[in-house]
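Going by TrEMBL, these are the annotated features:
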| type | residues | note |
| --- | --- | --- |
| ACT_SITE | H273 | active site, proton acceptor |
| BINDING | Y38, Y144, R179, H273, R276 | glyoxylate binding site |
| BINDING | 91-93, S120, Q142, T170, K249, S271, 304-308, 327-328 | FMN binding site |
| DOMAIN | 12-377 | domain 'FMN hydroxy acid dehydrogenase' |
Amino acid sequence: MGTKSFTSINKDTKDLPIFIEEWEAKAKEKMDKGSFDYIRSGAGDEETLQANRSVFQKWTILPRVLRNVSLSSANTILYGNELSFPLLLSPVGYQGLADKEGEKAAARAAAKAGVPYIASTVSTYSLEDIAAAAPEGNNWFQLYWSRNKEVSASMVKRAEKAGFRAIVVTVDTGLLGWRKSDYKNGFVPLMECLGDANYRNDPAFQKSVPNWNDANIVAGIMDNILHPDLNWEDVLFLREHTTLPIILKGILHPKDAKKAVDLGFDGIVVSNHGGRQLDGAISSLDALQLISPVVNKQIPLIMDGGIRSGADMYKAIALGADAVAIGRPFIYGLAVSGEVGVLSIINNLKKEFELTLALSGEVSVKDITADNLFRQN
């Protein structure tokens, strides 16, 4: 890796914020209240949102010294693809709220940084447009299951055709969480036709909507996306329609993790939806500790929720994650400075993670284990 990687500063971004809190404050200045609150807020009293952050303080890093870390490298392999470091950009809907280029800008930044970008079903742009914006990128597609299975199958087939490399099925949104800020602001992005591009461009969805107009399109999306009877058999249906890895996002209970492994799914994102669904739910990091020994490296584990630093990344990997994902931080970067802002967020995390890895006395991501941590009382 070398000392230059540790200390280099990109002159093009030297005037941009460093701390995530600064990015958040500047994003708040640039975005309208409804849009910013939609991104920042959590469900209920935001207990889970806060727990996702505070849980990291329970753990401290226990470093080793007098080890040769001159060749320390953060590179990692995930589903046969090399990542510059173990980070992904989580699926976040309606990125046009933050920047007019939205998902296209974020996907380009991820591609330049060498990390996967997960495009949301409710993106501002269609999955084909996102793929075209970053054709060299390691793009994944997040699927909100549709009540009409043919719509789900159609979207997955479109993603595979467009060159996406994995399918991430969100399994914790049969109903929407109690998001008080959104209700107070009267802000529902779908009602503004902000996340309908993938539906408008989907042939199966088009067939399902009579009298094609904005009102009926929104009604059709809401009818499809809210699916409280979603079950394991439904999701297994996707196996008939794609050869891509199928990863389940939103698993918190070790029994569900075991079932995912037993049924042959290809990965798990340990996630509580950024504290936006069930308030009072376990933090993602605590859930990871329960799930990791059950999965026991049989399939990759990705964790999202509360990651704000390279040290946070390190702790999650030590507790069993193969990689981590971020959501709000890169959206703040997008709002402040578009593609450059997203790339700056990623690069800052990379530099900090590389330093954390080396200063802990380890030379590779696979060397990080629970032995590198100490839990405080």
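Each residue, glycine too, has its Cβ placed from N, Cα and C.
TrEMBL labels come from automatic prediction, so no person has curated them.
For Y38 (glyoxylate binding site), the nearest neighbour among the recorded positions P91, Q142, K249, H273, R328, judged by Cα separation, is R328.
Looking at Q142 (FMN binding site) and the residue listed as 'active site, proton acceptor', their Cα atoms lie 13 Å from each other. With respect to their backbone Cα atoms, Y144 (glyoxylate binding site) and G306 (FMN binding site) stand 22 Å from each other. With respect to the residue listed as 'active site, proton acceptor', the closest of these binding-site residues in Cα terms is D304, chosen from D304, G306, R308.
With respect to Cβ neighbours within 10 Å, the binding-site residues R276, R328 differ, and R328 shows the lowest count. K249 (FMN binding site) sits 20 Å from R179 (glyoxylate binding site), taking the C-alpha atoms as the reference points.
In the structure as shown, the Cβ atom of R308 (FMN binding site) sits within 10 Å of 18 other Cβ atoms.
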